[in-house]
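Q: So that we are looking at the same thing, I have put the structure below in structure tokens.
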Amino acid sequence: MARSAEPIRRDAIVKATIQEVARAGTLEVTVAQIARRAGVSSALAHHYFGSKEAIFVAAMRHVLIVYGAEVRGALATAETPRERVEAIVRASFGATSFRRESVAAWLNFYVLAQAMPEARRLLALYHRRLRSNLVHALRG
């Protein structure tokens, strides 16, 4: 497979992970299930990520990146402290946050953070950024 296809395949695997976790309602999905949904082989998924846990962490990172983009987009036009807080709340509780995939991803990634240091680190980073955004918004 061409090297230029790697980012596309990695992204497909990450998105398939989120979809499979939502479908199953648990982290008890296999790399084979994820790979099948992504349209790649299990071997390729392992080649790109090294382990199922690394795939889960990449999916968690993707969810956090999407959320961060939503927050930044909402904050772009907010001028007052109240508008900034409202923007953060809108981004945190908007319609996309309540899609089946989003809810399943967030809940299962909180579970993942209990067992995996890398996932725990990402979750702590998310909490620090959320707190920082709120404190900054309130300070004006």
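Backbone N, Cα and C atoms are what each Cβ position is placed from, and that goes for glycine too.
Note that TrEMBL annotation is computational and uncurated.
The feature domain 'HTH tetR-type' is assigned by TrEMBL to 7-67. Residues annotated as DNA-binding region in TrEMBL: 30-49.
What's the neighbourhood like for each of these?
A: DSSP states for the DNA-binding region (30-49), grouped as helix (H, G, I), strand (E, B) and coil, give 16 helix, 0 strand, 4 coil.
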Q: Over the DNA-binding region (30-49), what is the model's mean pLDDT?
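A: 97, rounded to a whole number.
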